[in-house]
């Protein structure tokens, strides 16, 4: 088996282990938080009944009632009857929370209710955040040649563009495809599924999400009676991971283009090859017996074997 296939198999295993880590976190969060959520919902319903049974409502009782309702709403618990059917800590919602936690998006709509859940969140994110960055880096590293170096080489050889023009055209096309595939098209889908979202709201959500800002004013799948809510949440998770990967890929491509065009030298910024060795030393190692093949497949910057930014004269 060639080193290229071995590397892809290892990367697939890496991603599967990441998925298993998310599932483990979801199970733990659901086990810890769902009983606390059920108790809080029960307490809120009792509070509502007691408030409605009062013969005379004064300002103090109203303020106490509103204070407790707002406190529960901060944890995603609503007093409205049509909002009490769905849980914020079922398996799909817990998986969604775990994903937003380790990707640092953190919408904040759902937060741990118990001290145990808060402590576990610290431990889980402490391992999960760098693990997520490692998985994204490994995926981008494997995509750099087929998505970046290969198309640039094709522009130079088949179209006859000079190196600077080829890199500029490639980056423009890549940026256009990412904007269409991860902002415009998802925004159309979100605005169709979420009744209260306009197209601008959906574009805003995509931007806030993929930039990992995560303000939390728009969260998908939270409206009452959402159809296929679990599948919808998981689909948003897949979109989030792929979107972050493509954003990282675009940033890497821009950094290398800026390096080639002399912008990094002009602004006295570190060159791409100075601040990272990812393309020279693959994260996913291969055997020594296939070292020559590995250099061709996993090290696209090797000037002797592949066309890259380093082979282009500045």
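Every residue gets a Cβ built from N, Cα and C, even glycine.
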Listed range which TrEMBL flags as transmembrane segment, given the options 202-219, 256-273, 274-291, 292-309:
202-219
Ranges 84-104, 231-251: which does TrEMBL label transmembrane segment?
231-251
Pairs of Cβ atoms less than 8 Å apart decide it: which stretch in 7-32, 122-144, 164-190, 231-251 has the most with the transmembrane segment (202-219)?
164-190
I need to check the long-range neighbours of the transmembrane segment (164-190): which residues 6 or more away from its ends have a CB within less than 8 Å of a CB in the stretch?
147-148, 151-152, 155-156, 197, 199, 202-203, 205-207, 210, 220, 239, 242-243, 246-247, 249-250, 253-254, 256-257, 260-261, 309, 312
